[in-house]
Amino acid sequence: MDLSAAAALCLWLLSACRPRDGLEAAAVLRAAGAGPVRSPGGGGGGGRTLAQAAGAAAVPAAAVSRARAPRRAAGSGFRNGSVVPHHFMMSLYRSLAGRAPAGAVAVSSSGHGRADTITGFTDQATQDESAAETGQSFLFDVSSLNDADEVVGAELRVLRRGSPEPGPGSSTSPPLLLLSTCPGAARAPRLLYSRAAEPLVGQRWEVFDVADAMRRHRREPRPPRAFCLLLRAVTGPVRSPLALRRLGFGWPGGGGSAPEERALLVVSSRTQRKESLFREMRAQARALGAALAAQPPPDPGTGTGSPRAVTAGRRRRRTALAGTRTAQGSGGGAGRGHGRRGRSRCSRKPLHVDFKELGWDDWIIAPLDYEAYHCEGVCDFPLRSHLEPTNHAIIQTLLNSMAPDAAPASCCVPARLSPISILYIDAANNVVYKQYEDMVVEACGCR
C-alpha cells in the first residue's frame, strides 16, 4: 500500500471510528422526537420543514456537540451544536434546490446560475463608535476558497434599517454610499461602488456586486487571508462625511449584532474538478481531530461522551443500517438466497440515505436524508433494450449463457445518475451550498 492510500485509509478510520460527541447528536435528537427533513428530490423521509430543522435547537449545544465547541467563534449561533446558517443561505438553498414555497421572495442570483458552489462568509470585524462615524469596515476570512476554483460572482449583503427622520440632503439629493477596499500599508483604497442611499421604510439588505474586487484579491501573488471592504456615506456638493447610522446602518444600541444580522459575503464559484463528498469528510475529520486534541479526556461512565456510550451509539447505527439493507435486499423479489433463477432482473431499487444515521448531521444542514436508489438484479440473456447494454456486455452475457465457466455475467450498475444540492458547514465554519454530481440513480443498466 503506498503512502497516499495509507493516509486516505487513516483519515477514513478517523472519520468513522473516533469517539465523537457530535455523532451522538442523532441519538439525542431521536430521543427529543425530532424527525428527518425531506430531500429536495422528494425521496422518502420525515415531514419537517427546513425552517423547523434550522430552529431545532431544543437540545443544549454543550450536550450535543462538545467536541466541536473549540471550532466555534465566540458569540456565534448554534444549530444542534453548530453554526446557525444565515437566513439568506437557507433561502438560497430552498430556491436553487427547488424547495421554495409558492410566492416566496426570490433571492438575488449574481453569478449563481453558472456556479456549483456558493459560500457564505460572515463578517468578522468588530465595530466601535469612532469607526461608525467615519465608515463601517467588513472583514471576511476567505482562505477556505480553493485556489483552482473560478469565482463567477460575489456580493456583499449589508442590513439597513429605515430611519424615522429624513437624512441630510433629503430635500435636494440623497446621500451617496461609497464602497471601497480597505486602505493598507502598501495599497491605497480602491473605490468599487457608488450609489444613492434612497429613503427607506422598514428594512432591507443592501447588495453590492464585488466580484471584480474578489478576483483581484485572489490574483495577488500572496493574497491575505482576510478580504476587507469599507462602506462610507457622503452628502452635499462637497461630499461631507456622514455617519452611516443616520442612514440605518450599523448595530442598534452598540455591541454585536445577532448572527443573522451581520453582513454576509456570498461568493459563487465553479470547481474545475468533480467534487467528492470524501474530500469534505477528510476536511471534517482533520478539524474534528484538532478539536478532540484540545479537549480533556472524558470521564469514564455512561454519559453521552463516554467511550461506552459512543461505542453503543456506533453499534446502534450499524444495526440500523444492517436492518435497512436486509429489508431492502429481501423486498422487490430480490430473493438472494434462492439462487439465480429466483432473483429479479436488473432494475432500480430503493435506497434511503439518512445522514443522521451516518453521523453527519453535525455538519450537513440540509437535506438530512434523501432517496439515492441502487441497482440490483441479474443480467441474463437476452438483455432488454431498456437496460442499455454495451456491446461488450451483450457478448459477455451471451458467452455466460452458453458456458457459465467461460465468463461471469455482466453486472447491474447505475447507467444514469443525477445530482443533489447539499447545504453544509465546512471545516472553516462557513455555510456552503454545493451541488454534488452522481448522487441519485436514475436508471440501471448491464455493463
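Glycine is no exception: its Cβ is also placed from the backbone N, Cα and C atoms.
Here the structure is a predicted model, which means the values were calculated and not measured.
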Cross-link partner of CYS446 (disulfide, per Swiss-Prot) out of CYS375, CYS379, CYS411: CYS379
According to Swiss-Prot, the disulfide-paired cysteine of CYS444 among CYS375, CYS411: CYS375
Those disulfide-bonded residues listed as CYS375, CYS412, and which of them has the most Cβ atoms within 10 Å of its own Cβ: CYS412
Spatial neighbours, same chain, of CYS444 (disulfide bond) - Cβ under 8 Å, 6+ residues apart: CYS346, SER347, ARG348, CYS375, GLY377, LEU387, CYS412, VAL413, PRO414, ALA415
List of residues, in chain order, with Cβ under 8 A from that of CYS446 (disulfide bond) and at least 6 apart: CYS346, CYS379, LEU383, LEU387, GLU388, PRO389, THR390, ALA393, THR397, SER410, CYS411, CYS412, VAL413
